[in-house]
């Protein structure tokens, strides 16, 4: 399997990974996966329930197993959970099996996008903006180091972000091995 056969989206919660991922999969004729949705489908419960019963560590173990499995597939677009990059094993799977796309948004922007979403356990706090700032501080350097492509989501529509991504991915196609979802 070529590194360019898969696209993996990383970024904080609310960055648009699932929405953009679906559009990329449609555009390139790939199968779309969302690691959080896969975990929910396999367990039969929502992410907050897993956090409540198993804690974040239990959820991260499940996430690691799902990412290890999905990254063996070819011709996929995968939206990862915001904290997936905290695992060295996940970073290695993503780095070696596909192109990593970082959707970077400011904590303020992401707080606005997620303010009514109760399916995000880490934001169920008295100050979600402070939590997003903390997560950004912790994870942004990891996302940047891992990413083959970074797109700033500030003041961009989903259509605008995907246009930027198509252009950047087309440029990458000209380098070494090209992205070819057909394998």
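Keep in mind that glycine also has a Cβ here, set from the backbone N, Cα and C atoms.
Quick caveat, the model's predicted, so the values are computed rather than measured.
Sequence annotations record features per position, and here Swiss-Prot assigns ATP binding site to 14, 15, 16, 17, 18, 19, 120, 156 based on sequence analysis. Taking the Cβ of residue 17 (ATP binding site) as reference, residues of its chain lying under 8 Å away and at least six apart in sequence are, in sequence order, 9, 10, 11, 34, 79, 80, 103.
Taken from Swiss-Prot, the feature Mg(2+) binding site covers 18, and the record attributes it to sequence analysis. In sequence order, 34, 37, 79 make up the list of same-chain residues 6 or more apart from residue 18 (ATP binding site) whose Cβ falls under 8 Å from its Cβ. In the three-state DSSP scheme, residue 18 (ATP binding site) is classed as helix.
According to Swiss-Prot, the feature substrate binding site maps to 36, 60, 82, 139, an assignment based on sequence analysis. A simple way to gauge crowding: the CB of residue 139 (substrate binding site) has 19 other CB atoms within 10 angstroms, across all the protein chains here.
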What does DSSP assign residue 139 (substrate binding site), in three states?
helix
Any idea what the Cα distance is from residue 15 (ATP binding site) over to residue 82 (substrate binding site), rounded to a whole Å?
9
Residue 82 (substrate binding site): which of the binding-site residues 14, 16, 19, 156 have a C-alpha within 10 angstroms of it?
14
Output field, substrate shell: CB within 8 Å of site CB centroid, site 36, 60, 82, 139 dropped:
13, 63, 80, 81, 83, 84, 85, 86
Alpha-carbon distance [residue 36 (substrate binding site); residue 14 (ATP binding site)] in Å:
13
Can you count the other CB atoms that lie within 10 A of the CB of residue 36 (substrate binding site)?
25
